[in-house]
Amino acid sequence: MKANAVLLRNPNVMIVLCVFCWCKCRYADSSKHLFLCDRPNVCAEQELAVVGHRQPCVQAFTRVVKVWKQDCGGQLWCAGYERRTAYYTAYRQVYALTHQTAYKCCPGWAQRAGAAGCLHLCFNGGNCIEGSSQLCHCPSGFQGPRCQYDVNECAAGNGGCESQCCNTIGSFYCKCPDGLTLEEDGKACADVDECQVHNGGCQHRCVNTLGSYYCACKLGFRLHTDGRTCIRKNPCADRNGGCMHQCHNRRGTAHCECHPGYRLAADNKACEDVNECLTGLAMCAHQCLNTRGSFKCTCNPGYELGADGKQCYRIEMEIVNSCEANNGGCSHTCHHTSSGPACTCNFGYQLEEDQKTCTDINECDSGSHSCCLQDCYNYPGGYECACYAGYRLNTDGCGCDALDVPVEALDGRPWGLYCPNCQSSWSSLGKAFLASASLVAVCLEHTFGHDCSLSCEDCRNGGACNEDQTGCDCPEGWTGIICNQSE
């Protein structure tokens with residue numbers, strides 16, 4: 001066998017052509033072998049063939065047979081048994097692989113009906129065309145005079161694919177990104193609804209999107225880090241669930257409860273004090289004093305409270321002045337009574353819930369005790385009125401009268417005091433004159449206060465100066481001229 005080979009190359013295909021092939025032909029009579037030259041381009045190939053044949057298999061088996069024997073103890077004949085071995089032959093079909101020589105057209109050549117050899121050269125399934133400059137008629141996906149070149153269908157219009165075009169030898173196919181699938185036309189891409197299969201793996205809700213999807217949870221749940229499982233939220237973890245006292249998580253919902261002595265307000269979150277004295281829960285024998293979250297029973301004079309804290313029992317005891325020791329625990333004035341010390345406060349003070357401590361009443365803050373027309377300054381036990389720049393305090397101590405002298409004329413005077421009838425120098429004014437003269441405090445240089453010692457820098461707790469710069473505007477919860485008093 002002789003063969004000459006030619007290589008055809010292009011960017012997509014490399015093909016080896018067997019141009020001249022001389023083959024050895026076999027006649028029906030196996031004894032005749034000739035080398036013929038009238039069947040060109042025929043090549044011999046070794047092929048594996050499965051050949052079957054029958055194979056004998058000899059099997060042996062043993063059995064016991066009945067036989068007659070002579071001289072059996074006084075008998076001429078007697079029956080006995082002997083073990084005999086028998087053989088039989090079976091056949092089975094076995095198969096073996098063997099190499100056979102097959103004669104076919106060399107690569108790239110084809111045989112037409114009636115031709116003695118392989119005379120037509122077309123690749124990739126092409127058909128030869130007799131008498132034409134175009135040697136071969138190529139199938140779809142190939143081109144060239146002998147159909148040796150692949151057609152890149154993706155080069156023109158992306159092969160008609162909506163997304164990705166993938167070229168193959170002799171063909172192509174369209175491909176869609178993850179989350180999309182090919183339509184029936186094999187070119188367009190359609191969204192895959194992942195939620196249709198096992199709810200997308202989501203425990204609660206599956207929300208489909210273009211090319212993807214995501215999981216969502218029901219109210220009161222949040223998505224776990226795996227993006228699929230839903231776990232209950234703890235509403236009490238966020239600002240105590242809005243509860244004033246205690247918060248309890250019940251199936252993802254916050255339920256508020258109050259400490260003993262309190263009850264839930266109408267909003268089911270805030271807690272308000274229960275007046276046990278009014279509701280009858282205290283069950284005091286004589287008198288009941290309500291406190292925040294609790295209560296306290298007291299007894300009439302001549303009685304003392306029992307161990308249960310509610311019953312009162314008459315006592316016989318020597319009368320002792322209960323105010324002698326530590327002023328009876330009173331901050332200000334103590335009055336002895338048969339039931340113990342009774343505390344009262346000085347003017348401008350009020351008695352606290354413990355019935356002993358006295359605290360200052362801020363008349364300026366409440367507004368109910370102040371007569372000041374313009375400005376008010378509170379001090380322990382009382383208050384005083386003041387006027388804005390350009391005004392003087394009226395003799396009634398409450399109102400303010402406008403000045404005839406411009407404010408600018410007051411520059412250089414201490415604390416901005418205006419005295420229209422003063423002839424002597426300010427340095428000669430003594431305390432007695434200041435006490436008897438009709439003076440008005442006019443603060444200068446952006447100061448304020450009863451002695452003009454305060455400025456905008458003194459505002460506390462987030463307060464800021466007002467437009468007149470006569471005090472500080474306080475945030476909620478704070479009061480006072482510099483926002484240093486808690487509401």
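Every residue gets a Cβ built from N, Cα and C, even glycine.
Automatic, uncurated: that is what TrEMBL annotation is.
What TrEMBL records for this protein:
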- C118-C128: disulfide bond (DISULFID)
- C138-C147: disulfide bond (DISULFID)
- 39-120: domain 'EMI' (DOMAIN)
- 114-148: domain 'EGF-like' (DOMAIN)
- 191-231: domain 'EGF-like' (DOMAIN)
- 273-313: domain 'EGF-like' (DOMAIN)
- 1-28: signal peptide (SIGNAL)
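Distribution of TrEMBL features across the structure.
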| residue | record | CB count, 10 Å |
| --- | --- | --- |
| C118 | disulfide bond | 23 |
| C128 | disulfide bond | 16 |
| C138 | disulfide bond | 23 |
| C147 | disulfide bond | 25 |
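The DSSP breakdown of the domain 'EGF-like' (273-313) into helical (H, G, I), extended (E, B) and coil residues amounts to 4 helix, 16 strand, 21 coil. Confidence for the domain 'EMI' (39-120), expressed as mean pLDDT, is 80.
The two recorded residues C128 (disulfide bond) and C147 (disulfide bond) have their Cα atoms spaced 10 Å from each other.
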